[in-house]
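S.K.: Input: one structure, supplied below.
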Amino acid sequence: MDSPRQIVNFGPGPAKLPHSVLLEIQKELLDYKGLGISVLEMSHRSSDFAKIVNNTENLVRELLAVPDNYKVIFLQGGGCGQFSAVPLNLIGLKPGRCADYVVTGAWSAKAAEEAKKFGTVNIVHPKLGSYTKIPDPSTWNLNPDASYVYYCANETVHGVEFDFVPDVKGAILVCDMSSNFLSRPVDVSKFGVIFAGAQKNVGAAGVTVVIVRDDLLGFALRECPSVLEYKVQATSSSLYNTPPCFSIYVMGLVLEWIKNNGGAAAMKKLSTIKSQMIYEIIDNSQGFYVCPVEPRNRSMMNIPFRIGNAKGDEALEKRFLDKALELHMISLKGHRSVGGVRVSLYNAVTIEDVQKLASFMKNFLEMHQL
């Protein structure tokens with residue numbers, strides 16, 4: 001069956017996968033390339049799986065122009081695993097065992113809290129009353145003795161995105177790119193470590209890609225579990241323990257799809273078009289739809305908004321979500337910590353998908369506006 005599905009999935013992750021990728025997975029599920037077995041059954045030590053993992057790594061390197069002095073590794077544990085792995089691997093780079101954190105939303109806050117288990121954490125700006133903007137980097141209080149500076153490129157819950165790489169005065173920069181990885185080009189050479197869970201823009205849940213500069217390997221704290229130690233995993237070619245084989249395979253297929261559709265630059269162009277369609281409706285709704293994020297820091301990936309007023313009319317929001325569901329549009333409910341509505345526009349979400357939502361939003365506005 002290759003007929004398009006009726007459901008439009010705006011899920012925040014796990015998220016929509018390209019239809020052609022799903023068909024490829026379906027085609028190869030029982031018999032991978034004539035081997036008579038599924039990737040689900042394949043030994044991670046086999047030459048056939050080595051081809052899969054090498055292909056996925058090579059595509060990451062090609063699509064992001066990853067310099068040769070960086071390792072690309074595939075790990076388990078998701079973004080939360082990396083909240084621990086980053087300090088365990090890097091906070092010991094300097095004797096003071098401290099790190100700078102930029103906290104612009106729920107995920108960077110969670111990362112900073114986890115890092116406190118392993119050293120001293122310095123939040124480089126005054127605590128934000130609400131996560132609706134990125135504090136001006138020129139005001140950040142960077143600690144010259146910090147082992148690294150950490151930030152989250154896109155906050156999925158609050159819809160705040162960096163559209164720039166912060167200048168951290170030569171410090172080692174670590175970035176959680178889980179929710180905008182390969183949605184735009186990135187200069188990898190500006191970072192010490194980049195990590196991203198695959199389940200938003202580049203695949204299915206279960207695998208996290210980590211890009212780490214060679215000179216940062218080998219400084220893990222003594223208590224760092226081996227499965228989280230970058231040097232151990234890099235020297236083992238991500239095979240220190242049994243990796244998430246099927247998720248790595250799916251990621252390879254999605255990366256191939258991104259490559260065939262113009263790469264990161266084309267993804268950014270599409271993301272701009274898709275997000276602008278929704279933001280325009282919000283901004284022209286005379287306060288019916290309200291996005292709390294400052295316009296210059298709005299995310300192209302995740303658009304949170306309230307309906308009726310800035311605090312949200314919950315009855316109206318429920319009606320909106322129920323009606324969207326009737327129209328086969330799913331996973332639009334805002335995160336439980338903020339409420340409201342959230343539209344996630346990852347790479348596989350098409351312009352046609354967004355047009356369908358935009359049309360519904362306009363109709364809903366006309367029906368309920370005074």
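Yeah, the Cβs are placed from backbone N, Cα and C, and that goes for glycine too.
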S.K.: Can you match one of Thr56, Thr132, Thr156 to the pyridoxal 5'-phosphate site that Swiss-Prot gives for Gly79, Cys80, Trp107, Asp176, Gln199, Asn241, Thr242?
M.R.: Thr156
S.K.: If you measure every Cα to Cα pair among His44, Arg45, His335, Arg336, Arg342, the residues listed for O-phospho-L-serine, what is the largest value in Å?
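M.R.: It comes out at 41 Å between the most distant Cα atoms.
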S.K.: Would you list, in sequence order, the recorded positions among His44, Arg45, Lys127, Lys318, Ser331 whose CA lies within 10 Å of the CA of Thr242 (pyridoxal 5'-phosphate binding site)?
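M.R.: Matched recorded positions: His44, Arg45, sequence order.
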S.K.: For Lys318 (N6-acetyllysine), which DSSP three-state class applies?
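M.R.: Reduced to three states, the DSSP call for Lys318 (N6-acetyllysine) is helix.
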S.K.: Reported as an integer number of Å, what is the Cα distance between Lys127 (N6-acetyllysine) and Arg342 (O-phospho-L-serine binding site)?
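M.R.: Their Cα atoms are separated by 24 Å.
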S.K.: Taking Arg45, Lys51 as the recorded positions to compare, which has the smallest set of other Cβ atoms within 10 Å?
M.R.: Arg45
